[in-house]
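Undergrad: There's a structure below that I have some questions on.
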Amino acid sequence: MHAQPFPVDPAIPARLAALTPLQAQIRADALAPIADPAHLRAHGRRISADHAAKVVARHGLSGVEELMLLLLPDAAMVARPPISGFTVGTVGREAVSGAITLGGNIEFPTAHFGHAIHGEGFVTTRAFLRGEALSHIALTAAMPCGHCRQFLSEFMAAPNLRLIDPAGHRMSLNDVLPGAFTPADLGTPGANPAAQLQSVALADPSQAPAPVAELLITAANRGHVPYSNCPASLVLEMADGGLVWGTGIESCAYNPTITPAQAAVVMLLDHGMAYGDIRRGWFARRAGAAVDLSLATQELLGRLAPNAPLTMMDLN
């Protein structure tokens, strides 16, 4: 990594170095709930604020931020970078619940680069699907790429976001993206994960089982799509009969947008499932809208689960 032009707190890497003999024990303690397959399937790679606080107290850590830094190697295990071989692990802290979530970068061979999910985008998207914004993101180096800086600036909570790394950096988004182009420049307030932002329904709900139809509507209404006004959602049925879903998170700069298919992949991987577990999907969008993600969704799902049928449905 290149040198960063920002001040560091040398006490942070010193403390992490002093904890080296205990790191495996601390990380195992923190990840104990996730080690249970049933817990992982139900809750994903999410460590509750209560459990995190107990781990911090048991091991005499300086705080949750230090625990997040210690968990970066485990977050990197989530990454799937078969094209670049460049692994990124990220650990996010939810602003309201205080829970910790782990994520990594995801690449898709034979699909175009636009489908790739960056590590920062993974944890931010997973929090969004839970109705949460992030207060902190821990990274191996607290310098998100330009794509991620722009995506992170989309959120109403962006001014309060802090980026931390094991070198001792602690920065705001404004530090790494001064003079940002933000939703305010387009007259919108930014993404609020806790809000229901749309009010749409399915034109023909009978095209999907009732639980799927209901989830398609819920997901579409949760989307942040103020620039296209084209809500969309994807629901995937998994091998065990469970459902994962995704919705859109648009960026004022357009390209860093997270699509429903990307969001569904984030949820799928977060809960310890594999692409081969996908049995079928349903995609809902407004037919004839200015932005139609049908082809993009078909492409990505076709790469991940080529034998899984995808039903296209219309939203009113």
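Glycine is no exception: its Cβ is also placed from the backbone N, Cα and C atoms.
Whatever TrEMBL says is automated annotation, not expert-curated.
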Undergrad: Per TrEMBL, which of His112, His115, His118 sits in the Zn(2+) site along with Cys145, Cys148?
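TA: Within the candidate list, TrEMBL flags His118.
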Undergrad: Based on Cα distances to Asn105 (substrate binding site), point out the closest of the recorded positions His118, Glu120, Cys145, Cys148.
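TA: Checking each of His118, Glu120, Cys145, Cys148 against Asn105 (substrate binding site), the shortest Cα distance is to His118.
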Undergrad: For Glu107, Glu120, listed as recorded positions, tell me which one has the smallest number of other Cβ atoms within 10 Å.
TA: Glu107
Undergrad: How many helix, strand and coil residues does the domain 'CMP/dCMP-type deaminase' (63-184) contain under DSSP?
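TA: Output for the domain 'CMP/dCMP-type deaminase' (63-184) reads 42 helix, 27 strand, 53 coil.
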Undergrad: When you tally the Cβ atoms that lie within 10 Å of each candidate's Cβ, which of the binding-site residues (Ile106, Cys145, Cys148) has the highest tally?
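TA: Of Ile106, Cys145, Cys148, the one with the most crowded Cβ is Cys148.
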Undergrad: Looking at the recorded positions His118, Glu120, Cys148, which has the shortest Cα distance to Glu107 (substrate binding site)?
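TA: Closest candidate to Glu107 (substrate binding site), judged by Cα separation, is His118.
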Undergrad: Taking only C-alpha atoms and a 10 A limit, tell me which of Glu120, Cys145, Cys148 are near Ile106 (substrate binding site). These are the recorded positions.
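TA: So the list is empty; none.
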Undergrad: Taking just the CA atoms, what is the gap between Cys145 (Zn(2+) binding site) and Glu120 (active site, proton donor) in Å?
TA: 9
